[in-house]
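Working notes, beginning with the structure itself.
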Amino acid sequence: MGRLVALSLLGIALALLGERLLALRNRLKASREVESVDLPNCHLIKGIEAGADDIDILPNGLAFFSVGLKCPGLHSFSPDKPGGILMMDLKEENPRALELRISRGFNLASFNPHGISTFIDRDDTVYLFVVNHPEFKNTVEIFKFEEEENSLLHLKTIKHELLPSVNDIIAVGPAHFYATNDHYFSDPFLKYLETYLNLHWANVVYYSPDEVKVVAEGFDAANGINISPDKKYIYVADILAHEIHVLEKHPNMNLTQLKVLKLDTLVDNLSIDPSSGDIFVGCHPNGQKLFVYDPNNPPSSEVLRIQNILSEKPTVTTVYANNGSVLQGSSVASVYDRKLLIGTLYHRALYCEL
């Protein structure tokens, strides 16, 4: 009798594990392939060889790149080189990516930048917020951009118990931001278990020097975050749920969900075209290829443009798609004056003229 009970429990456990594995494959879009959608005037950006996970562009055309991200279990083309911040002036005829110097005292050896966001204060001071994973921990670094010296002055390191697994950030003040936690836990094994069991414990946190609070939760894996041009709405990408959430921002900085846009791809970082309000999304058509890297079958890339997201039927257009022969693992797409920059999680970056 005891053996029968044990065998039954084992069967139930195996069935549950099998169901979770199948569900995870579906969430990763493990069988999806893409057809190429090419842009005519594109070239790879020299100097970016190991990923440009996030890109943010100032109104004057200066673009910042977060490069060299490393995560446990994730492929890297430059595993021993620290990350950095690069800049490109999109108003130049032939723009080049240049690495910004960072002020003394900041630990460059462990710099592992992830999501980034800029904020321009009333006195025109430019602040750069960087999600950092030194030794795979979680901090937010605030820098002051010094344009004349092409450098970053480190101002502050932020750590908080409500920021255990920070992915992306959107600055809303000189020391104020919303941030996504893609997991509830910070421990790598518990993160994997959380993903495998599909617990939906990821969240969005608001941080200020006076108050830190969870303002949205229930995400599978909250990833990219951005704000509408009128500052009324926050957009959050849930990468494994294939969704973009539209949240209304209130005067007390709380958020309430307004709508959810469902897509057929893994949505990563979100960028806003300031002139139109359109959302450009760096996407992963097949997450299994992204996380289990095979050079003979590399991860593909996809960029979506979402118009009128607040409407009943937003328009979703594929701007660019590639099977990995040119660009592997697109994570962000940012636009400025008909110039499109596409970054990747750990591969190259693309410059296109639209």
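A Cβ is built for glycine as well, from the same backbone N, Cα and C atoms used for every other residue.
Automatic, uncurated: that is what TrEMBL annotation is.
These come from TrEMBL:
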type: ACT_SITE; residues: His114; note: active site, proton acceptor
type: BINDING; residues: Asp53, Ile116, Asn167, Asp168, Asn223, Asp268, Asn269; note: Ca(2+) 1 binding site
type: BINDING; residues: Asp54; note: Ca(2+) 2 binding site
type: DISULFID; residues: Cys42-Cys352; note: disulfide bond
type: CARBOHYD; residues: Asn269; note: N-linked glycosylation site
type: CARBOHYD; residues: Asn323; note: N-linked glycosylation site
type: SIGNAL; residues: 1-15; note: signal peptide
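The distance from the Cα of Asn167 (Ca(2+) 1 binding site) to the Cα of His114 (active site, proton acceptor) comes to 7 Å. Packing around the residue listed as 'Ca(2+) 2 binding site' is summarised by its Cβ count: 30 other Cβ atoms lie within 10 angstroms of its Cβ, all protein chains included.
Separating the Cα atoms of Asp268 (Ca(2+) 1 binding site) and Asp54 (Ca(2+) 2 binding site) is a whole-number distance of 10 Å. Other residues of the same chain near the Ca(2+) 1 site, with their Cβ within 8 Å of the Cβ centroid of Asp53, Ile116, Asn167, Asp168, Asn223, Asp268, Asn269, are Asp54, His114, Gly115, Val131, Thr180, Gly224, Ile225, Ala237, Ser331, Val332. In sequence order, Asp54 are the recorded positions from Cys42, Asp54, Asn323, Cys352 with a C-alpha within 10 Å of the C-alpha of Ile116 (Ca(2+) 1 binding site). Within the same chain, residues at least six positions away from Cys352 (disulfide bond) with a Cβ under 8 Å of its Cβ are Leu39, Asn41, Cys42, Tyr320, Lys339, Leu340, Leu341, Ile342. A gap of 7 Å separates the Cα atoms of Asp54 (Ca(2+) 2 binding site) and His114 (active site, proton acceptor). Neighbour density around each Cβ, counted as other Cβ atoms within 10 Å, peaks among the recorded positions Cys42, Ile116 at Ile116. Of all Cβ atoms in the protein chains displayed, 19 besides its own lie within 10 Å of the Cβ of Asn323 (N-linked glycosylation site). Cα spacing between Asn323 (N-linked glycosylation site) and Asn223 (Ca(2+) 1 binding site): 23 Å, rounded to the nearest whole number. For Asn223 (Ca(2+) 1 binding site), the same-chain residues lying six or more positions away in sequence with a CB closer than 8 A to its CB are Asn167, Asp168, Thr180, Asp182, Val236, Ala237, Asp238, Ile239, Val267, Asp268, Asn269. Separating the Cα atoms of His114 (active site, proton acceptor) and Asp53 (Ca(2+) 1 binding site) is a whole-number distance of 6 Å.
Ranking the binding-site residues Asn167, Asn269 by the number of CB atoms within 10 A of their own CB puts Asn269 at the top. For Asp168 (Ca(2+) 1 binding site), the Cβ neighbour count at a 10 Å cut-off comes to 29, with all displayed protein chains included. Shown in sequence order, Ser66, Val67, Leu69, Pro113, His114, Gly115, Asn269, Ser331, Val332, Gly343, Thr344, Leu345 are the residues of the chain, 6+ apart in sequence, with a C-beta less than 8 angstroms from the C-beta of Asp53 (Ca(2+) 1 binding site).
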